[in-house]
């Protein structure tokens, strides 16, 4: 088995999908989890205005709607969380995403004050954060807020990780990667677009250039620039297609060096890191 085949198998990626079937699969997955653990009353998700959180948010709200209708349990809710750092450049996209999702509840937590306070406390301890590390601080502050909200609403935190993100480890460890349940896991980027199109999402929310937008020195840096490969390249690779050798090498290097991000903390029983 080639490394490409191993990666595809590990991430559960498929070369083709039926959008309606995958929508139903994710909704039923979320409903099944909530029904298995009836003490869970809320799904909590940060909404950025990008493709992934828009899709995950819509699926969460659909799952909650169906479960409320089936059980009559009005205490179930989906909580969409806006987590800007100061003023977000694409705030209108966030509002458009929320209008599309129609969440039960919307909370806004501006993380800038908390991030600056943490940075100052570290500075006083003799640690000056680089712009890149400050970006990770933002991602972790966002997740901290979501877990606080989940803790106070008997909820779980929903993630947006999918195959095209997992393969490169393009997420912050214990930031946006630190979630409870990931309904998009298995899909690549273009497949996520297919689901949103089937759901009637405004096109500009899934045709915009994806960006983590964590660095102050490089605001709205496109993911594809940071990664050195395009999402079309990554999607082709995950669909088992032949890609240029340099593209395959770049993707595989990302996969191998970020393996620790896709695993629990390393213990004496692990040996994957010895390769």
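Using N, Cα and C of the backbone, Cβ positions are placed for all residues, glycine too.
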Item checked: From 71, 172, 211, the one annotated by Swiss-Prot with 46, 47, 48, 49, 50, 51, 52, 53, 160, 189 for ATP -> 211
Item checked: Same-site deamido-NAD(+) binder from 173, 193, given that Swiss-Prot records 140, 180, 260, 261 -> 173
Check: Counting across all protein chains shown, how many other Cβ atoms sit within 10 Å of the Cβ of residue 140 (deamido-NAD(+) binding site)?
Finding: 20
Notebook entry, point to check: So of 46, 50, which of the binding-site residues has the fewest other Cβ atoms within 10 Å around its own Cβ?
Noted result: 50
Notebook entry, point to check: What three-state secondary structure does DSSP assign to residue 160 (ATP binding site)?
Noted result: coil
